[in-house]
Amino acid sequence: MLAGQHHVTDIESPLMVVLWRVAAGVFLPLVPTMAVFGNVLVIMSVFRERSLQTVTNMLIVSLAVSDFMVAIGVMSFGVYYEWNDFKWGLGSFFCHVYQALDVACSTASILNLLAISLDRYIAIGHPISYAQYGARGGRAMISITIVWGVSVAVALPLLLGVNPMEENDLQECELANPYFNMISSIFSFFIPCIAMIILYTIIFRRLRQRERARSLRQAQRSENDKISSALLGGAQIARQMGKHFKNRTDQILLEISFQTSSFPTMSESSEDASTISPMINSFNNFLPKKTPYPSTSIPAIPECGSMPNLTIIERPEAEKEKEISIMDLRDTVEMLDDKYSSAILTSFQTSRSFGEELEEILPFIDGSNSVKHSREQLHTTRSNTSTTRLLDVKPELRSISVPSIQDEKKLSQKSNDLPFSHQNGTHKQKLLPNPGILMKSKSTTLLKTNGYMDTDSLNRNSHKKSLADLLANDEFSFSDSMRVYKNRLFKSLSRATSGWNKPRPSRHMVKKATKQMRREHKATVTLAVVLAVFLFCWLPFFVLHLSNSICLIIDENSACVGFLPLYLATWLGYLNSSLNPLIYTVFDQRFRNAFRNILSCGIFKKR
């Protein structure tokens with residue numbers, strides 16, 4: 001590519017000539033040797049290591065092949081030309097081959113870097129599409145074919161006689177056609193160079209935006225952790241409240257049994273016989289045998305659910321005393337309800353500070369639309385309960401429910417999992433509607449807040465199950481309720497996004513794209529360094545080469561650039577072919593391991 005080699009007389013000092021010959025004779029052969037050795041390592045590493053066989057690395061192999069050909073077919077002629085005192089003695093054919101190889105391989109290096117830049121742009125800008133369609137060997141082969149086809153097309157005119165050698169001066173082999181030099185420099189270097197700079201600018205801007213989005217997601221994650229803590233805290237308080245009500249109710253029932261001199265016996269239900277028999281035996285140890293009296297049941301408590309049946313046997317003369325005990329029991333339960341309802345409302349008020357918009361999406365955080373409304377509902381229910389009177393109790397056999405061991409687990413699980421809500425003032429009662437109405441069933445009703453439970457939140461969509469259906473289903477569990485609310489939460493959040501109606505990629509594809517994106521980020525940094533080094537090495541030569549061609553077009557007998565600057569810039573460009581393998585070794589761990597395995601004949605890999 002030297003376009004001014006006839007200016008060899010620029011070096012006039014004999015001392016400078018000697019120093020130049022010594023330096024050129026020692027150091028110039030090292031450049032093609034390093035280029036051949038390093039690029040062969042790159043090619044072998046990609047074909048030996050399966051983990052390196054990616055689209056990007058296939059393009060890197062194409063770049064290594066072009067650098068290898070520069071070292072073999074261009075630098076070797078350059079060393080010979082310099083050692084022969086810049087006199088070409090191989091004839092016009094080899095001169096044209098030398099020039100064509102120089103132009104073709106240099107153009108291929110530039111276009112390979114452009115293809116790599118396009119590959120980086122697709123991988124960073126559209127990671128899911130790249131993981132689906134871009135990471136295929138066929139696309140890499142198409143890119144490589146286009147690169148080498150254009151490079152050969154650019155260099156082909158040199159073989160067709162565009163730059164003929166003068167018959168009277170066969171000792172010089174130079175690119176003397178200024179028009180070809182200018183056009184080839186613009187289309188082979190400057191246009192691809194500008195395109196690569198634009199692409200890498202967009203790539204790094206995308207990476208910066210992605211980093212900012214990652215920081216925002218981390219901030220939102222901390223806020224979500226607070227919300228999760230509030231949810232867990234509210235669920236824990238609800239479980240503690242239910243457990244306390246259950247234990248306290250059982251304790252009060254036992255106290256009533258002792259106060260009325262009654263003792264529990266087995267009911268008609270055979271399922272509970274094995275459960276309550278130890279309790280009966282314990283009472284029989286303390287109480288003497290008596291003649292059975294007509295019995296009646298204790299009215300159901302509105303603040304707790306029904307439980308497996310136990311029968312309370314009592315004397316007729318204890319009816320009045322029993323009614324007084326029942327009133328004390330109701331007052332005690334109301335006091336406990338007041339205490340723990342205030343506590344749970346305070347906890348819900350704290351959790352609301354993290355986002356009141358979750359009321360509709362997650363109704364299990366707070367059952368009402370506001371804390372104030374919950375308190376109003378609490379006072380209204382309490383006043384309604386206080387005005388309820390006991391029905392006339394007749395001395396006949398009735399039952400009251402106490403949880404069995406088997407049902408207690410189901411009751412605890414369902415009561416912890418099901419949401420309680422109140423919306424638009426509509427109430428749906430799932431417990432005993434009246435203290436005088438008697439229940440003889442298994443424990444399917446639950447402890448609840450303020451005696452009411454709303455199922456409207458589960459009936460918003462026609463395809464959802466109602467709360468009654470869920471209660472009737474014995475297999476209803478915590479995972480069922482969480483699945484309902486996760487689906488509702490996802491739909492509510494997806495409507496807020498712009499592309500909620502687009503088909504979502506599979507989870508496997510997202511994980512693959514995420515992993516691919518991390519790897520592409522590292523590869524992008526490495527290839528950005530390769531591009532920077534390439535520009536540093538080749539930009540001086542092409543600037544001087546274009547300037548010299550413009551000067552020759554203006555005046556055929558004068559050149560703007562001297563021989564020595566152009567000669568040094570040419571070898572600086574050749575040096576780039578030796579630096580690329582060093583860049584891969586420094587910045588890419590996989591290439592470094594592959595180089596070490598090749599140089600050690602696989603010893604490190606076997607270990």
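Using N, Cα and C of the backbone, Cβ positions are placed for all residues, glycine too.
Residues or ranges marked as topological domain 'Extracellular' by Swiss-Prot: 1-23 (among others). When pLDDT values are averaged over the topological domain 'Extracellular' (1-23), the model yields 59.
Residues annotated as transmembrane segment in Swiss-Prot: 24-44 (among others). Within the chain carrying the transmembrane segment (24-44), a Cβ under 8 angstroms from the stretch's Cβ atoms is held by residues 60-61, 64-65, 67-68, 70-72, 75-76, 78-79, 82-83, 571, 574-575, 577-578, 580-582, 584, 591, 595, 598-599, all 6 or more beyond its ends.
According to Swiss-Prot, the transmembrane segment annotation covers 59-79 (among others), on the basis of sequence analysis.
Taken from Swiss-Prot, the feature topological domain 'Extracellular' applies to 80-96 (among others). Across the range of the topological domain 'Extracellular' (80-96), the DSSP-based residue counts are 10 helix, 0 strand, 7 coil.
According to Swiss-Prot, the feature disulfide bond maps to Cys95-Cys173. The Cβ of Cys173 (disulfide bond) has 24 neighbouring Cβ atoms from other residues within 10 Å, across all protein chains displayed. Secondary structure at Cys173 (disulfide bond), taken from DSSP and collapsed to helix, strand or coil, is coil.
The transmembrane segment annotation in Swiss-Prot covers 97-117 (among others) and rests on sequence analysis.
Per Swiss-Prot, transmembrane segment is recorded for 142-162 (among others), and the stated evidence type is sequence analysis.
Taken from Swiss-Prot, the feature topological domain 'Extracellular' applies to 163-182 (among others), supported by sequence analysis.
Through the fold, the transmembrane segment (183-203) approaches residues 103, 106-107, 110-111, 113-114, 117-118, 120-121, 124-125, 154, 524, 528, 531, 535, 538-539, 542, 545-546, 549 of its own chain, all at least 6 residues removed from its boundaries and within a Cβ separation under 8 Å. Taken from Swiss-Prot, the feature transmembrane segment covers 183-203 (among others), and the record attributes it to sequence analysis.
For 402-435, the entry in Swiss-Prot reads region 'Disordered'.
The compositional bias 'Polar residues' annotation in Swiss-Prot covers 413-424.
Swiss-Prot lists 524-544 (among others) with the feature transmembrane segment.
Per Swiss-Prot, the feature topological domain 'Extracellular' maps to 545-558 (among others).
According to Swiss-Prot, the transmembrane segment annotation covers 559-579 (among others), on the basis of sequence analysis.
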Pairs 6 or more apart in sequence, C-beta under 8 angstroms, 3 or more of them: is that satisfied by the transmembrane segment (524-544) and the transmembrane segment (59-79)? no
Quick tally over 59-79, 97-117, 142-162 of CB pairs under 8 Å to the transmembrane segment (559-579) gives the top stretch as 59-79
Do any residues of this chain, six or more beyond the ends of the transmembrane segment (142-162), have a C-beta under 8 angstroms from a C-beta of it, and if so which? 58-59, 62, 66, 96-97, 99-101, 103-105, 107-108, 111-112, 114-115, 118-119, 177, 180, 184, 187-188
For Cys95 (disulfide bond): intrachain residues, at least 6 apart, with Cβ closer than 8 Å: Trp88, Met165, Cys173
Number of helical, extended and coil residues in the topological domain 'Extracellular' (545-558), per DSSP: 10 helix, 0 strand, 4 coil
